[in-house]
Amino acid sequence: MRLRARCHGRLLLMLLFLGIAHRLLLFHRLPSPSPALFRRSAMSGSHFSTPRMVVKRVLAKQQHEGQGAVVRRSIGRNELRNLDPFLMLDEFSVSPPAGFPDHPHRGFETVTYMLQGAFTHQDFAGNRGTIRTGDVQWMTAGRGIIHSEMPAAEGVNKGLQLWINLSSRDKMIEPRYQELLCEDIGTAEDDGVEVRVIAGEAMGVRSPVYTRTPTMYLDYTLKPGARMNQSIPESWTAFVYIVEGEGVFGSGDSSPVPAHNLLVLGPGDGVSVGNESSKPLRFLLIGGQPLNEPVVQHGPFVMNTPAQIDQAMDDYQHGKNGFEMAKYWTSRSVG
Ligand code: FJE
Ligand code: FE
């Protein structure tokens, strides 16, 4: 199956409109900018001296989560508990009426990226929104969010949810949302390599997302025979998650790795990936600055000490310190 972010038909409508406008207004051809200029900017961020190699490989097997939902967990399973600053990565696959009904978060961020279908979130502050194929919701839970995350389209709704830890000084900040619609996500294409820049910078394109814990989140698609090179800050944790197809990561002489595998990258200041297969390869390249702080997790609460976890559970139970609305709120059915 091919999972391609096509911006849910909105882009198609836009192109149709532009096509009609073009004919009506009888635009003349403008001289196109020098391709050499484009090429140079597309190459930025692709130079590095020490390529990172794969130091660990984890296959994300299916498990049940939430209410009847199925996830493939990679980060967060026993073999890969905490990849500082990352806490969890789930590739979810959910058909109504399954989903993730009302639950709290404190102390970290959740990043939800839709691959297929739609998801509606509702929170205890009255926020409600639906993200569709190619859209991203970057949620900073901070001191507290209670929300529901439920599929909004018939059939299978797929995506990825990443949990990024917050530093001790940011754990109790005000909650915040950043929503990126598919068509607003910067993309670049060069030599069979396409990138969607969700956070950070690649091939001359920068994301507007503010990452409180410095993070890069890149969605690459490589045509058969294509190769990419991407620099990654030397001190950062970095990994790859294969969404579709198979690729050769790090060293050119290693064997191809298929979908649903997570590869932890070792020391170095960049990575090189090749598609030596006859089908498209799609993978996420994600990196983040490690926090180097103690992590104490109890389900959806991630703090630095056991006392802070006790406090979070007490705040949630009694509606205090950010969980005030817990007493008055429940989500409505999505329909
Ligand atoms: C959660 C159980 C859960 N992975 N992927 C316990 F299911 C969840 C939870 C999710 C989740 C939600 C989406 Cl939209 C996608 C997910 C787990 O909501 F937070 C805890 N603590
Ligand atoms: Fe959640």
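Every residue gets a Cβ built from N, Cα and C, even glycine.
Curation plays no part in TrEMBL annotations; they are all automatic predictions.
Copied from TrEMBL, the annotated features are:
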type	residues	note
DOMAIN	71-164	domain 'Pirin N-terminal'
BINDING	HIS103, HIS105, HIS147, GLU149	Fe cation binding site
DOMAIN	217-322	domain 'Pirin C-terminal'
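Remark: of the binding-site residues HIS103, HIS105, HIS147, the most isolated position is HIS103 (fewest other Cβ atoms within 10 Å of its Cβ). Residue counts for the domain 'Pirin C-terminal' (217-322) under DSSP, split into helix (H, G, I), strand (E, B) and coil, are 13 helix, 49 strand, 44 coil. Cβ neighbours within 10 Å of GLU149 (Fe cation binding site), excluding its own Cβ and spanning all shown chains: 28. Across the domain 'Pirin N-terminal' (71-164), mean pLDDT in this model comes to 98. Under DSSP, the residues of the domain 'Pirin N-terminal' (71-164) split into helix, strand and coil as follows: 3 helix, 63 strand, 28 coil. The Fe cation site is defined by HIS103, HIS105, HIS147, GLU149, and by the 8 Å test on Cβ atoms against their centroid, the other residues of the chain that qualify are PHE100, ASP102, PRO104, THR110, HIS121, ASP123, ILE145, ILE146, SER148, PRO300.
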